[in-house]
Amino acid sequence: MSDINEIEIPSRKDEIRQVTPKDPMHEIEDKSTYHAKIKKSDSGTVLGAIPLNSRSSSNSSVTSTGQSSRRVTKKTTKKKKKNACYFDTCSSAASKFIGDCNFCKGHFCSKHRLMENHACNGLTSCKEQLHQRNADKLEAEQTKAPKIQI
């Protein structure tokens with residue numbers, strides 16, 4: 001072979017191989033999962049499924065190494081400040097000592113610290129507990145001796 005552009009063509013079909021490597025991400029654009037072989041140290045090969053979302057390509061980064069391909073999706077969630085009031089429209093700071101709600105586990109400012117003011121989910125169960133406690137207290141205070149008739 002003296003010319004660089006000449007390529008030797010094998011005579012049998014079994015010897016024909018594809019020379020150019022395929023991009024695994026390009027092949028699976030329309031599939032919902034991609035099975036990647038991940039080799040662990042001396043323990044064998046593990047087959048794992050990695051879900052892909054072809055629509056979220058603008059918010060994700062793709063890294064591929066050797067035998068495994070991974071797709072990492074960044075989640076953009078809105079985090080509240082640690083000491084801000086948990087009420088939706090309030091932006092004031094939560095009270096440190098009196099702002100904790102035991103029923104919904106929220107931290108509220110002095111305006112929204114009461115269960116009625118922040119529309120607590122545990123308001124009905126709290127009312128039932130207080131009603132039962134008052135009934136038990138009244139029953140314990142009642143006199144048990146029969147009344148004397150004159």
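Placement of Cβ uses the backbone N, Cα and C atoms for every residue, glycine included.
Remember, predicted model here, so these are calculated numbers, not experimental data.
Swiss-Prot marks one residue of SER11, SER32, SER43 with the annotation phosphoserine, and that residue is SER43.
Cross-referencing SER41, SER54, SER110 with Swiss-Prot, the residue annotated as phosphoserine turns out to be SER54. In terms of local Cβ density within 10 Å, CYS85 ranks first among the binding-site residues CYS85, CYS90, CYS104, CYS109, CYS120. Other than CYS101, CYS104, HIS118, CYS120, the residues of this chain whose Cβ falls within 8 Å of the Cβ centroid of the Zn(2+) 2 site are, in sequence order, TYR86, PHE103, GLY106, PHE108, MET115, ALA119, ASN121, GLY122, LEU123. Taking the mean position of the Cβ atoms of CYS85, CYS90, CYS109, HIS112 as the Zn(2+) 1 site, the remaining residues of that chain whose Cβ falls within 8 Å of it are ALA84, TYR86, PHE87, SER92, ALA94, GLY99, PHE108, SER110, LYS111, ARG113, HIS118. Between CYS101 (Zn(2+) 2 binding site) and CYS90 (Zn(2+) 1 binding site), the C-alpha separation comes to 16 Å.
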